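Feature annotations, courtesy of TrEMBL:
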type	residues	note
REPEAT	103-144	repeat 'WD'
REPEAT	203-247	repeat 'WD'
REPEAT	285-319	repeat 'WD'
REPEAT	391-421	repeat 'WD'
Amino acid sequence: MYPVIEDEYYAVGGNRHSAAADWSVASGLLAFGADQNVAIWSPLDDSGRGISTVLPGHTSRTTAVKFASHTGHSADEVLITGAANGEVLLWKNDQSWTCHDKAAAHDGTVNIIAVLNHSNVFATGGADAKVKLWKAENGKIDVLSTLELKPKFMPLALALGLFSETPNHDSAFLVVGGTRNDIQTYSIEGLRSSPQFKLCATLTGHEAWIRSLALTTLPEGEILLASASQDKYVRLWRFQPGNTAAGNRPNNPSSISTGTNTLTAKVQSVSAAGSRYSITFEALLLGHEDWVYSATWNPKAATLQLLTASADGSLSIWESDPASGIWISVSRLGEISGQKGATTATGSSGGFWMGLWSPEGDMVTCLGRTGSWRLWQYSADSQFWTQKYAVSGHISSVNGICWSPDGSYLLSTSSDQTTRLHAEWKRGQKRSWHEFSRPQIHGYDLNCIASTTPHQFSSGADEKLLRVFKKPKDVASMLCRLCHIPLPREDESLPETAAIPVLGLSNKAIDDSDELTDGAMVAAHEPGAVGNSTLLVDVQEPPTEDLLSRHTLWPEYEKLYGHGYEISEAATPMDGSVLATACKASSIDHAVIRLYDTDNWNEIKPPLAAHSLTVTRLAFSEEPAGYLLSVGRDRQFAVFQRSDNDAKAWRRTVVNTKAHSRMILDDTWLRNRQHPTFATAGRDKVVRIWSGDAHSDQIDFACKASISRKSAVTAISAVSDGVLSVLALGEEDGSISLHLVRCNTSVEVVKSIEVEKHLCPSKTVNRLAWRPNKADSSGSQHGQLAIASADNTVRIWAVDWRSRKDE
């Protein structure tokens with residue numbers, strides 16, 4: 001029987017495009033671009049799971065996402081996505097989300113997708129200075145018409161609306177904004193057959209590019225258009241049916257003075273098939289201090305509300321004052337940093353790329369520069385917005401993962417220069433995985449990570465040294481309370497928290513007794529952060545992005561020197577007694593393996609020499625213990641053995657210079673007490689399983705079995721329960737397969753299982769890691785496999801192979 005594989009957890013950051021997410025009014029699902037994938041998240045789900053699935057389909061970065069429903073119900077809802085290569089995909093939820101059709105829509109990036117409400121018509125705007133009108137029907141998308149923008153500019157924002165007086169909905173209007181200061185309004189006739197575009201009005205006033213357009217229909221049949229711009233302002237425009245000029249109404253002055261310019265309520269119009277809207281300027285919204293990326297109308301509020309998101313790191317909710325008609329900001333969410341030049345390394349959000357309303361209008365969410373989502377919920381009783389936990393993840397390739405030695409949490413490290421801790425939130429019968437800490441926010445791309453104890457790890461980056469981090473007391477207490485992870489025995493010796501010095505890369509340990517000098521520390525001692533441990537002590541659910549980025553750093557305990565180039569690999573045995581490291585190398589002198597004693601962090605000399613090029617992977621054996629395996633770009637493997645007389649001394653026992661025909665990318669040990677056994681994976685698309693005799697004086701390893709794959713095998717990991725082992729293989733194309741291997745006096749591959757493509761990453765699998773000490777209480781075989789991929793995702797699978805012993 002095939003094992004049952006369930007996707008328990010996804011962690012991935014959102015793409016920083018203002019149109020790359022949408023929150024469905026019909027189903028309550030939120031879809032967002034995540035590298036070249038589309039992530040589906042249900043913020044309204046009580047289970048708190050977070051991302052439920054990640055959809056592979058695009059071959060380049062997803063830049064535009066939009067839900068559409070012909071009836072306004074989830075039954076006929078579709079998802080339309082666009083990518084940087086100009087491709088548009090149509091998805092439908094038939095028990096699971098599947099791609100029904102794709103089209104080459106534009107010669108450049110798809111910047112924006114707009115849908116016509118309660119219709120199967122949508123529009124796309126691309127970097128080729130074109131707007132295309134499409135029809136989605138019966139799982140297919142067909143282009144209806146193409147508009148070439150003149151004068152030529154790139155559309156960044158689109159809005160589609162119907163004429164209220166048109167009973168057959170065969171006429172509509174299109175509003176286009178982009179890399180110009182004005183907004184173009186087109187009429188569309190023959191919407192269902194052969195649409196014809198006609199430029200009817202050009203709305204002027206903005207002084208920079210237009211980033212967002214949003215329409216809402218008022219009860220009296222009028223329409224309000226909100227336009228957000230890089231000039232830091234939001235403008236409102238009123239569309240009135242017929243020829244009535246909005247400027248002639250009482251309480252609506254014909255001109256507004258701004259000090260330097262006069263805003264005149266010039267009346268323009270858009271008309272088609274006998275229907276007409278008069279367009280006038282309505283209001284100018286001032287308050288943001290940087291570019292305004294998005295403007296969105298509340299879909300359900302009894303009072304008309306507009307949500308705006310800005311690069312100044314704030315969300316604003318605007319309402320019109322009933323007495324004066326003046327639009328004011330009634331709520332402001334996000335952060336206001338008192339620190340000049342604040343960056344994400346010091347806890348600053350770096351601005352918000354988009355803001356979205358929930359279907360009921362009682363929640364708002366936004367995407368920040370770190371790729372993480374922030375979520376607020378409104379309480380009618382307290383009339384206050386409360387921040388809730390949301391989803392987060394890496395925004396660049398995930399290069400390394402490792403479980404803590406006791407399997408209590410997972411660490412991941414990435415080219416986005418962060419290290420993140422993922423753990424299982426346990427409350428009653430509910431279980432869900434979340435990011436609980438961000439131990440390291442660095443200035444270099446991070447390449448590898450190794451956990452020496454449940455409360456300590458070391459990471460390597462594109463620098464010549466490694467850094468060792470210890471868990472702070474406040475994070476340890478939070479993980480104990482929410483995840484039932486035991487506190488360290490040396491709890492009293494741990495620092496309270498950590499902070500990053502200005503112009504520094506090291507997380508400094510901070511105790512409550514420490515005093516600040518000249519603002520030398522940031523992130524830990526900003527307003528509202530004094531005695532930081534109290535912030536995490538009060539947390540009763542996974543931390544929000546504000547807490548993760550500011551208050552969950554781990555203090556740096558040690559720096560490890562010795563290598564001459566960027567660190568490529570780090571590994572440690574299960575007992576954490578030694579740390580083995582390697583760096584990028586092109587000569588024998590630098591391709592050495594350096595060992596560090598984790599008791600005092602002194603280097604164990606001499607370094608181990610065997611390779612002539614970069615060592616790509618290191619692995620310590622678990623059973624039997626005492627072996628260190630290394631593989632490298634020089635196509636060879638080497639095995640080192642711990643000395644019987646000195647536990648800190650290692651000697652080289654075997655070097656195979658012709659193990660693979662191309663570079664070796666990964667290795668792993670398989671449990672075999674009588675015959676030490678390991679597997680190596682190479683760019684030659686072959687995995688070889690090697691076995692030796694532990695009782696011989698001169699051990700030698702011979703290839704006992706091999707597994708051929710269709711693409712380069714970039715990651716392997718094995719978990720064993722006696723004679724049988726499960727060997728997981730990850731490939732360059734994102735494919736993952738599981739192989740049952742029987743290891744005894746002989747080695748035999750019993751069965752090979754291909755994992756379904758929709759569960760696998762869409763790019764290279766960089767690392768695989770089985771969770772240690774994971775067996776359920778019934779005794780049935782149940783494993784958890786962590787996956788790190790170049791598509792920015794961290795995944796955890798639950799793999800149940802209870803019947804495999806019957807094979």
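Glycine is no exception: its Cβ is also placed from the backbone N, Cα and C atoms.
TrEMBL annotations: computationally assigned, not manually curated.
On a predicted model such as this, the values are computed, not experimentally measured, just so you know.
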- Taken over the repeat 'WD' (203-247), the model's mean pLDDT: 91
- Message: Based on DSSP, tally up the residues of the repeat 'WD' (391-421) by helix, strand and coil.
- Response: 0 helix, 15 strand, 16 coil
- Query: Residue counts in helix (H, G, I), strand (E, B) and coil for the repeat 'WD' (203-247), per DSSP?
  - Reply: 2 helix, 24 strand, 19 coil
- Within the repeat 'WD' (285-319), how many residues are helix, strand or coil going by DSSP? 0 helix, 19 strand, 16 coil
- With DSSP helix as H/G/I and strand as E/B, how many residues of the repeat 'WD' (103-144) fall in helix, strand and coil? 0 helix, 27 strand, 15 coil
